[in-house]
Amino acid sequence: MISVDDFQLEARAWLAANRAGAPRDYGAICPPDLVEQGVAWHRKVHEAGYAGIHWPVEYGGRGLTPEHNSIWMLECALAGVPPVFNMVGLVLTGGAVLKFGTDEQKAQHLGPTVRADRLWCQLFSEPGAGSDLGGLSTKAERDGDDFIVNGQKVWCSGGRYSDWGILMARTDPEAKKHEGISFFLCPMDLPGIEIRPLKQMTGEAEFDEVFFTDVHLPAANLLGPLHGGWGVGMAVLTSERGHIGTSVIGLERRLESMARLAEGRDLSAIERQQLAALISKGSSYKAMAQRQGPIASTAASLMKLGITEMMFETSMLRGDLAGMDATLDGPDAFGMLAAPGGRIAGGTSQVQRNIIGERLLGLPREPKA
Ligand SMILES: Cc1cc2nc3c(=O)[nH]c(=O)nc-3n(C[C@H](O)[C@H](O)[C@H](O)COP(=O)(O)OP(=O)(O)OC[C@H]3O[C@@H](n4cnc5c(N)ncnc54)[C@H](O)[C@@H]3O)c2cc1C
């Protein structure tokens, strides 16, 4: 197996030669207007052996280790390009299918997903169930060889362009709330599925509402145990938080550019202190991310909280430094409008603090109403 150091040199050289064909670094989820370019980039990345780096070779991966994968993410962040098309397919769906899928499900989904021939979205949140995801009410009722799905999902990033979605739905309304949920792989073109774009305060519409009306979903699309979907969903969310946490490396580039932004400006003592505090926080998080890689444990909440709070503060400080210009259209204004979303997506900052308090620090559990 190629050593991590040699792999890093190889990846760096490939990126230097090929980065010109990449879309701008959009983060974890490809916005709808960049899909064509994002898919073309992913296919090029896959052909060169950099998609599914730690997946088994039989499923289209390269059979290397998670350390090789985190080096690829680091090199992409340094090059300012997205590491793959979209993390929902490769990180969330791929991770869930590898861990919980039957041999048939692995054969059906992993190859097309790693090649970006099958694009995925995440159908978890509902109007009445976000932080308290266990309270979800979309129903999937067994009817012969199918489940009949009725309900509504919301904030579904990339719903419009996705071929399939990972869906959490209630299969046993009588059971305790976390014990009556199942996890499904759902084609987005089934009759009865309606997708409507939602406009954000940035002016863009990156996510959608998804309505299910008497949708016949084949029972073979159940992933993991019937009524045992909570465990599958939590494994998926932990991977998502680990992935979001590793974007700290991209943040360091932003901090470097902020340090340059201060050059030649007459910053106040407070602004200088704020900038210095952010740069030193960024360096500590970078060191932690490099030590841990894309972590799939409750410690992922630490990185998710730290990185998204810091990105929020960075965007606000950028706005302050830009002054009046930040109220106009442009990257500083866009950054300030987009920043709050990062503190919410993948589980809010408050929820991460609860997880850290209860599961990492062993504090008393939050009282339940
Ligand atoms: C950019 C973006 C992309 C997203 N993409 C997707 C996607 O693709 N698929 C998907 O399914 N979802 C997606 N989401 C939804 C996201 O997962 C939810 O918004 C998030 O889980 C919060 O749920 P909520 O919006 O219902 O807020 P609520 O859960 O209603 O929370 C409202 C407020 O109450 C606070 N709060 C709630 N419970 C507690 C508690 N126990 N203790 C302390 N404070 C609490 C929260 O922190 C928050 O400030 C996305 C969100 C964003 C912003």
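Quick reminder: no glycine exception, Cβ is built from N, Cα and C everywhere.
Annotation source TrEMBL lists domain 'Acyl-CoA dehydrogenase/oxidase N-terminal' at 41-115.
For the domain 'Acyl-CoA oxidase/dehydrogenase middle' (121-215), the DSSP counts in helix, strand and coil order read 9 helix, 51 strand, 35 coil. The domain 'Acyl-CoA oxidase/dehydrogenase middle' annotation in TrEMBL covers 121-215.
The domain 'Acyl-CoA dehydrogenase/oxidase C-terminal' feature in TrEMBL is assigned to 228-361.
Residue counts for the domain 'Acyl-CoA dehydrogenase/oxidase C-terminal' (228-361) by DSSP state, with H, G and I taken as helix and E and B as strand, are 110 helix, 1 strand, 23 coil. Residue counts for the domain 'Acyl-CoA dehydrogenase/oxidase N-terminal' (41-115) by DSSP state, with H, G and I taken as helix and E and B as strand, are 50 helix, 0 strand, 25 coil.
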